[in-house]
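Taken from Swiss-Prot, the feature domain 'YDG' covers 233-374, and the record attributes it to sequence analysis. Annotation comment: Swiss-Prot describes 31-69 as region 'Disordered'. The annotation transmembrane segment is assigned in Swiss-Prot to 442-462. Positions annotated as zinc finger by Swiss-Prot, on the basis of sequence analysis: 109-148.
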Amino acid sequence: MTRVNQLPCDCVSTAEESLTSGTCITPTHVTSLSSPLDRSGDVDPLPVSDESGGSKADESMTDADETKKRKRILSGDCEADENNKSDGEIASLNDGVDAFTAICEDLNCSLCNQLPDRPVTILCGHNFCLKCFDKWIDQGNQICATCRSTIPDKMAANPRVNSSLVSVIRYVKVAKTAGVGTANFFPFTSNQDGPENAFRTKRAKIGEENAARIYVTVPFDHFGPIPAEHDPVRNQGVLVGESWENRVECRQWGVHLPHVSCIAGQEDYGAQSVVISGGYKDDEDHGEWFLYTGRSRGRHFANEDQEFEDLNEALRVSCEMGYPVRVVRSYKDRYSAYAPKEGVRYDGVYRIEKCWRKARFPDSFKVCRYLFVRCDNEPAPWNSDESGDRPRPLPNIPELETASDLFERKESPSWDFDEAEGRWRWMKPPPANHEQRERMKMAMTCLLLFVLIILVGSSSILYQY
C-alpha cells in the first residue's frame, strides 16, 4: 500500500490559514489537510478597510447602525448612499420595499397573482380571491393552483373569507400608497376575567346571564352604530369587525341584546339588530347585501304562513322608515362565505330596502323575506379597502317575480348618504328611545289632566251662574 507523505509547506501561512490543535496547541496548515475543513457555521470576517474601521471606532453609532453600515460596505453602495441620502432614510426605505415585496409575494392570489379581494385561505396556506376560488371550483378543479394539494370537499362547497388576512392586506395597501400608515386591526374582545364575568355560580353558568355587565351606555332600543361617547370603558365605540366568543359577550357591548332571538326590535317601533345564524339554503349572502328570512311565531306555528307581525313587523317598520340595522354574523351560518370561523362578529349597519312574502316551495307555507343592503362608513371586515360604503344600485332578485305582499319604501330614508359630507348619517332625527317616549307620554298625560281640570272648573263656575 502506498503511503502518502505530508510534505511541509514552503510558504509562511497567515493566522487564518492555520488551525491550532486543542490538545498540544500545535498549528496545522489548513491547506495541508487531506479533506477541506467544513466552515459552514463560521461567520464570514468583515473586510478590513478604513471606512469599516472608522464605523467601528465611532462610539456614537449604535450596534444596529453599525451592522447596517457594514452591510452597505460589503455591497459596495456606501459611497453612493452617503452622497444621496442619510443612513436612516436608506435603511427605512430598503426595509420597507423589501418587506412590502416579500409580503405581496406571499399574499397574492394563486390565480390572478394580485392581492386577493375577499381572500380565501386553503389548508396548504395559499390564498385565492373569493371570485377566483369559485370560478376555479366551478371548472372542476379541486386542487391548489400553486402546490396541487387537494382542497377538501367541505371547503370547496362553502369557502370562508379570511378576515384576519384582510387586515394585513389593508396594511400592505397603505404602505404601498403612503409609505407610512396604520390599518384598522380589530381585536377579539373577551370579558372573562374580573368581576364583569357573565356568571358567578355553576347554576348561573348554564345561562351565563347572572351579573352580566353592559359596557356601553346606549338604551336597549338604540338604532345605528354605537359611537365613542357611549363607550366609557374604551372610549372608541364598537368597531366594525369586532368579535366575541358568544352572543352573551356580544350583548354586553350592546350590539345585539337578545340571547336567543335573532331579531331585536319592537313591533310598533322598528328593529335595531339581527343575527345571521343557521339560516336556510335560499338565504343568499353576498357580503354587501343579503336575503333574510323572517321569524315564525313559535314551534307550533312552524308549518303556517308567516305574517308581518311581532318581530317581522318590526323589520318592516325599519324598512319603511329607512332605519339602520346592526348586523351580526355567527359562525353557525353554514351557507355563507362571509361568516366568521368562530364566535360572532359585528359587520356594520345595513338598511332594509324591500320586504315581501313568498312560498319557499310550491304548495308550501309562505315566509317573510327582507333585502338588506350595507350602508356603513367603516369598511366591511372582508373588504381590503380603507373606505366605507357608497350608495349602490339594488341587486336583481329573481324571486320577486313570484312574490306577494311586496313592500318598498316610498319616502326618503332616515339614514342616508350625505353627498356634501361624503358619509352616512341621520338625515332625519333618529326615533326617540323608550325612556324618551315614556317621558313624552307622561307629559302628555299631565297636560290632558291639567286641561281636563280647567274645563271641569270652568263648567262648574258657569253652572253656578
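Note: Cβ is positioned from N, Cα and C throughout, glycine not excepted.
DSSP places the residues of the zinc finger (109-148) in helix, strand and coil in these numbers: 9 helix, 8 strand, 23 coil. Broken down with DSSP, the domain 'YDG' (233-374) shows 20 helix, 51 strand, 71 coil. Computed over the domain 'YDG' (233-374), the whole-number mean pLDDT of the model equals 90.
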